[in-house]
């Protein structure tokens, strides 16, 4: 019996080690460049990080990323100047674009169409409108030199807060030993990406909760305060508050959105207040092929081509760089 | 609690260590522990139906004693046997077939032009495993009646026999003469038996998680939209279903047998590479062996078996297959499926070729199978797979629509995975699976039977690696045979 248990444990350890090696050898796991918060309170990636992003558990979608000196995924450095025509593309994971090769990004596609334009992609996963407007405000010196600012928004997700608050706690937690170990155990990273570790986490959570209950630290379920906002009016109010806090450069700033998933009342608000927006819904509607990836809802190469076309047309017609 | 769940991954080692720990202190408590673990295992799914297992246990324990007392008075013994049959089949009939028979009756009336004013069907859940444990307890009463077994006087052992968790919800359906005496005796830990158990569990998980679960989304898609697909895709769909249902059920059985080994108990083999069968008779000696054995012993032989006139024997075969079809599910599709198999089996029986492959496997004395054997296997696989259109389709209309699609829209077109995954991965997976199963075809109870420990270790790693590669958290992980 003892021999059996001992041998099982040894085998389990060796098997896990072999699996870790296999996951690393075939690079099945996605890299996640470390996060940081700079002196302006802007969350971004640690400059200089390079790696691969993987989707599909048999490496069915494999891309490269490269974090530039400013802390964003881009093939170019962001060095705005007075004499060149520069566009800042600000947004969430769609703009950060780990799902695409960094040298085949939306910004690069715009530049390919407009050779005199430089596009700076300030993308950060999970960035809300508060984050985006905070970033533009925090980097005012740079953005003053930038000619056009395009903010990518999704109405349902991006207007939940009235002010940006950098998540220092998260960044601190990610630097702790358990998280660093987790990040370096590629087998775990791989398992996490495909939901394999979720049941383990759920059970661990339930055990933890049970232990706290026994210790008297937890007396059952506590109502979790509602974090998100549900009403359209509340979201629009949040946007007004953001504008009041960070300002809005009507000539320079434009929203990039899909009107199919944006409430009409928000669009009315923009129209009434001179807030311009670039709507790519029509080109997506008429697309001849899928515009998103197979494994998630990020834009695929074709989707990015279509949006680049919309933005380039706009820049060509409206601004004539 | 599913075998492929994290709950079971935690439950099993805890139960294993407690069981053998208790054995060292108090060997007689083994069965009490097994009952507790089994009832917990079942209650994890739905505690309300524990009463049915307890009811079945008490009835058959008492009936077994009474049959034995009256063995010399066949009329009385038969009356007690009938009580067991009625109690078990009554449970099964109520939970599984009530709505089916009511619906069929109403359909029959409607066909005659009479429409009942109200529906008499009930909104009832089918308790998991009821088809399995009722058949198992019935086997106990039958075996006593046919003087193959003496009734046990150990109620705890009998309750452990009925509820033994590895095979409680989907078999193998053990005959009391095989399992009960193992449970009555005190078990001792054997290293080799436990190690073999772990290997079987690993192989069973591979078949379930990698083969069955990864093919399931494609099978579901093709069967749900059969009207829109050409013949090549429809054929692909049902071939994949053959792989899926085999991976699913044989995977479950392997895990059950492996788990039982961990507790010092040997269950019978349920699958012996059925898709390498050279005719339909051999297929039924290899597919769901415990059910086939049950029907042979308790339906076919009591009806007279083959020791009667040819006409009567053919009738007996037809009855067995039709009842077997109905056992699988309360749906006419299963009856058709059973009937189709009867039609395939009867010619083999009449040509006296139903027992010729009982002692051998394909490629018995050679590395590769002969061309003739390959032809036989492909033909048998083709026929069995074709029958599964009835097995998988929700209604007869769908089944015939599917078959019509195969023969009318004759085109070859590439099929795209519903989520968009690479199809080549699945074709390679199925091919490798067939090759490996062929390699181990002579011993279904030891899938990693290689001399070199290095080779065995590499195989363990590869099998688990494949589970990682094909894991899909969007798939319904339940076992197909749970619905039966």
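Glycine too: its Cβ is placed from the backbone N, Cα and C atoms.
Annotation source TrEMBL lists transmembrane segment at B:6-22 (among others).
What TrEMBL lists as transmembrane segment is B:51-68 (among others).
Among the features that TrEMBL reports, transmembrane segment is placed at B:80-100 (among others).
Among the features that TrEMBL reports, transmembrane segment is placed at B:120-142 (among others).
Remote same-chain residues near the transmembrane segment (B:154-173) are listed as 31-32, 34-35, 37-39, 41-42, 45, 53-54, 56-57, 60-61, 64, 128-129, 132-133, 135-137, 139-140, 179-180, 183-184, 249, 252-253, 255-257, 259-260, 263, 265, 267-270, 288-291, 294, 479, 481-482, 484 (criterion: CB distance under 8 Å, separation of at least six residues from the stretch ends). According to TrEMBL, the transmembrane segment annotation covers B:154-173 (among others).
The annotation transmembrane segment is assigned in TrEMBL to B:223-243 (among others). Sequence-distant contacts of the transmembrane segment (B:223-243) (same chain, at least 6 residues past either end, Cβ-Cβ under 8 Å): 211-212, 215, 275, 381, 384-386, 388-389, 391-393, 398, 401-402, 405-413, 415, 426, 430, 433.
Residues 96-97, 99-101, 131, 291-292, 295-296, 299-300, 303-306, 336-339, 341-342, 345-346, 349-350, 391, 483-484 of the same chain lie 6+ residues outside the transmembrane segment (B:313-330) yet bring a C-beta within less than 8 angstroms of a C-beta in it. Marked as transmembrane segment by TrEMBL: B:313-330 (among others).
Residues annotated as transmembrane segment in TrEMBL: B:336-353 (among others). Remote same-chain residues near the transmembrane segment (B:336-353) are listed as 279-281, 284, 306, 310, 313-314, 317-318, 320-326, 328, 383, 387-388, 390-391, 396, 399 (criterion: CB distance under 8 Å, separation of at least six residues from the stretch ends).
Residues or ranges marked as transmembrane segment in TrEMBL: B:374-391 (among others).
Per TrEMBL, transmembrane segment is recorded for B:424-441 (among others).
Residues or ranges marked as transmembrane segment in TrEMBL: B:453-471 (among others). Note on the transmembrane segment (B:453-471): residues 202-203, 205-206, 209-210, 213-214, 425, 429 of its chain, located 6 or more positions outside it, place their CB under 8 angstroms from a CB of the stretch.
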* Asked: By a Cβ-Cβ criterion of under 8 Å, what residues six or more beyond either terminus of the transmembrane segment (B:6-22) are in contact with it?
  -> 29-30, 33-34, 37, 40-41, 44, 189, 259, 262-263
